[in-house]
Amino acid sequence: MTRFQRWALALTVPAAVLAIGLYVFPIFQVLALSFLEPKPGFGNYVSLFGNAAIGRVVRTTIIVSVLTTAITVVLAYVVAFAIVQMPRGRRRVALFLVMVPFWISVLVRAFSWITILRRNGVLNTVLTEAGAISEPLDLVYNQFGVIVGMVHYMMPFAILLLVANLGDIDRRIIQAARSLGAQPATVFWRVWLPLSLPGVSIATLFTIIFSLGFLVTPAILGAGRVLMIAEYLSVQISSTLRWGVATALSTLMLVAVGLLVAGAMRHPAMRAAFGGGRA
Amino acid sequence: MSTHRFSKDSAEIALEKFRTGKLDRRTFLTAMAGLGLAVAIRPTSASAEANEIVICNWGGAALEAFQKAYGAPFTAATGTPVSVDGAGPATGAIRAMVESKNVIWDVTDGGMVDAVVLGTGGFVEPIDYSIVDKTLVGPDMAAEFGICNYTFANVLAYDAKKTGGKVPTGWVDFFDLEKFPGKRTMCKWIQGQLESVLLADGVKPEDMYPLDVDRAFKKLEPLLPHIIFWEGGAQSQQLFRDGEVVLGNVWHTRANLLHKENPDFAWTWAQQLLFSSAWSVPKGNPAGKKVFDFINSSLQPEGQVTLLRLMGNGPSNPKALALMTPEDKAVYPLAPENAATALKIQAAYYAANEAELQNRFLDFISR
């Protein structure tokens, strides 16, 4: 290690101390609570598996997260694909527009969706007046509304991840495919898509991990009808004071996400994504 | 828990009035004080000195309202200052404070259910009835570990424009989709929800507790697709404003705000579900016995009427009625013409069963 490297390492120490103090240590406290509340042992974990209600919460969370991820990645791919084809100036504008939702609080976004989707909302009014529907559609306060809100939240993340990856693809390979007589569709399916798999897989992983922990969006857009893990945990911590069950469930969720990441990392596409796209 | 949420909501209402200029700063601060919500106003956490009473409530607008309704009269009479900390006296927070022997609150604005839970756990002092005059409050409002500081109710609110002028007569109509077509709203926090369902199903008030949960779920299930569940008072109000719902099980303070905004929104007191909020005294409170003098003072009718006018919270002292204008009485859950068919929510039942019930309810409504 050079003198410079040692200094560089030293500079990361305060951040590491903060992260361990404010993140790792509390996580171990959570872990400890899950074994100690209300009495020491594995009781909380055992009760998790016997509890049909928690099973339903977990199932809802998985269904909503998987659907959100699938829709997000497909839509984000379309947008990212269009963005990388744009000339530099227009591309900058498009990326700017993708970033705009980042500046708006998740609460404001959820309430905006209610304004659009509710029975007397913008969308239903337009559809009714256009004669497309006779009865307003139930677009919010259900799973559909929750997924709309979550997809909207996740889109910018997925787009940015995919733009970075698609922008890295060597255009000479595409030109080579065209010069060898491939049709545009063939070029996309046989060249673009395989080359963009690292980007797709990292966007998928990122979106699903994020989706599993959604709290505010399902609570507002689901209005009690879509109960996901994060909201369930928040009720157990702040209202019913069942900290043992809550910490056990969050520990299990952490382990599940850890396994998901570990499993995904074994895939060559994912290793390529972390290796900079060329590994 | 429901009471926590209600107190917090009253504070939001007063804050809104203050912002829109309907309350002057002084009145606002008093209202907040009444609810025990001072931290937002006083940047440093209020800490009790030898000669001070510290109320803890849920912050926001209730900081000033509590100060005006409860604090000012006590200070005027005794010279002892009262400060209001809006940190929120969650049962967990009180427990942590008492266990670490670092109690900074003299009296907390919780709710009868919390008072029972905290009393059972040994985290609060019994109310000293040699000092506190229990005849100041109405029947069933003075318990071992809590005494009622104000009342509130869940009522059946409706949008008269959508009902075509029809007025619902009770919870039976909440379930009558033919007479009152359209969506309804209920609260996703359990207190006062299953009672309304069981009343609609014909259960007599005297047979209400223990709640027949299975019967309530069976009755509620067919109605679920027509219900939007609210989780905060402002949201329940918004659902009416947006025209999303025609009927709702909402707090009377929110129904009152809706009515003031637009006379088409109204509510019936029929079969209202009546709650008591309560003062509790954390074990080892800094001001010692003196806090009971404060509690006595807070039960005087004048201050309680002030709080009613500021936030809509109903007095617990029956004598307050004599000081009320007809306008005040219209929003007072315990006014005789309003309370005839009221059902009292049983705190002891919730203290023992709420956690279990809440989880079952959340699971049931999200199926």
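Quick reminder: no glycine exception, Cβ is built from N, Cα and C everywhere.
TrEMBL lists A:58-264 with the feature domain 'ABC transmembrane type-1'.
What TrEMBL lists as transmembrane segment is A:7-36 (among others).
Positions annotated as transmembrane segment by TrEMBL: A:56-81 (among others). For the transmembrane segment (A:56-81), same-chain residues at least 6 beyond its ends with a Cβ under 8 Å from one of its own Cβ atoms are 98, 143, 146-147, 150-151, 154-155, 158-159, 161-163, 166, 192, 196, 199-200, 203-204, 207-208, 211-212, 214, 218, 226-229, 232.
Feature annotation from TrEMBL assigns transmembrane segment to A:93-116 (among others).
According to TrEMBL, the transmembrane segment annotation covers A:144-167 (among others).
Taken from TrEMBL, the feature transmembrane segment covers A:188-221 (among others). Beyond the transmembrane segment (A:188-221), the same-chain residues lying 6 or more positions past its ends with a Cβ under 8 Å from any Cβ of the stretch are 61-62, 64-66, 68-69, 72-73, 76-77, 80-81, 106-107, 109-111, 113-114, 117, 140-141, 145-146, 148-150, 153-154, 157-158, 161-162, 164-166, 169, 173-174, 177, 182, 227-231, 234, 253, 257, 260-261, 264, 267, 269-270, 272-274, 277.
Among the features that TrEMBL reports, transmembrane segment is placed at A:241-262 (among others).
Beyond its flanks by at least six residues, the transmembrane segment (A:7-36) meets 1, 42, 44-45, 243-244, 247-248, 250-251, 254 of its own chain at Cβ-Cβ distances under 8 Å. Long-range Cβ contacts of the transmembrane segment (A:241-262) within its own chain (Cβ-Cβ under 8 Å, at least 6 residues beyond either end) map to 27, 30-31, 33-34, 36-38, 43-45, 47-48, 54, 205, 208-209, 212-213, 229, 232-233.
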